[in-house]
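For reference, TrEMBL has these:
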type     : residues : note
SIGNAL   : 1-29     : signal peptide
DOMAIN   : 2-221    : domain 'GH16'
ACT_SITE : Glu106   : active site, nucleophile
ACT_SITE : Glu110   : active site, proton donor
CARBOHYD : Asn114   : N-linked glycosylation site
Amino acid sequence: MATLSILSNALGMLLITFLMVETFMVASAGNFNKDVDITWGDSRGKILNNGQLLTLSLDKASGSGFQSRNEYLYGKFDMQLKLVPGNSAGTVTAYYLKSQGSSWDEIDFEFLGNLSGDPYIVHTMFIRKGKVIESNNSTYGSTQLLIFTLTRFSGILDTLCSFYVDGRPIREFKNLESLGVPYPKNQPMRMYCSLWNADDWATRGGLVKTDWSQAPFTASFRNFTANACALSNGVSSRSTDSSSNNAWFSQELDSSSQKVLKWVQKNYMVYNYCKDAKRFPEGLPVECTVRNRKQIKI
């Protein structure tokens, strides 16, 4: 889990990218009426502006959430979101990919609410076959527009996941299955978003509770796009588009981006699971002890 912090009035654009060399399709900017289903929260989820805007709300009775109609193997997913403004302590706004079943894979962003004026905390997390692979915490300074990008490369390229904030790489996690590190890559996933209460842990470890006098809390989503390998009846769709839309297909961090990554982690990371010896009394995870640090960035 990686955690970043941003101001409560920030408009966050989250971009998750999964790539597969063999099959993918390109999708243009979508419409929520066609692309997603509101799956819980009764009337707390609303699609507005002819499908261009979706809002989720949270009150003391319930939160709300939605999911994509398509399942994807790999691809690039774009979403702009506006987090809960003001005093959002105790709330969590989530944007993630998840497969089905009791042995699911998951890759997600969780935005942990804050007291007014304090930065948001942003988690990124991997789950493989129902078990958390790792968790990190970091912080990020205030900005009006944040872009969160997660990339996964497979096939002829080294498999990896990368996270970006406002165009800056903040994290890279490579596939080290050869060393026994589990990696979420095989199960098709849907895109999910949700807003829910987690005041037992979300803000300052649960010390700050949700102020229900501020309810309902609302998060907004727009501009969902997917350049992805979508499944239909178990068969993946292949694109013949060779345009710049597929530039992310072969993208890796260059030397300049690697320097930015180090700068961000130095200045904004507040927790690194690879340095948490108390959490792992029997020894740090394998990916934390890889001698060739070029193999993995945590």
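Numbers run from 1 along the shown chain.
A Cβ is built for glycine as well, from the same backbone N, Cα and C atoms used for every other residue.
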I'd like the number of other C-beta atoms within 10 A of the C-beta of the residue listed as 'N-linked glycosylation site', please.
26
I'd like the Cβ neighbour count for Glu106 (active site, nucleophile), meaning other Cβ atoms within 10 Å of its Cβ, all protein chains included.
19
If I take every residue in the domain 'GH16' (2-221) and average their pLDDT values, what number comes out?
76
CB neighbours within 10 A of Glu110 (active site, proton donor), counting all protein chains shown, number 21
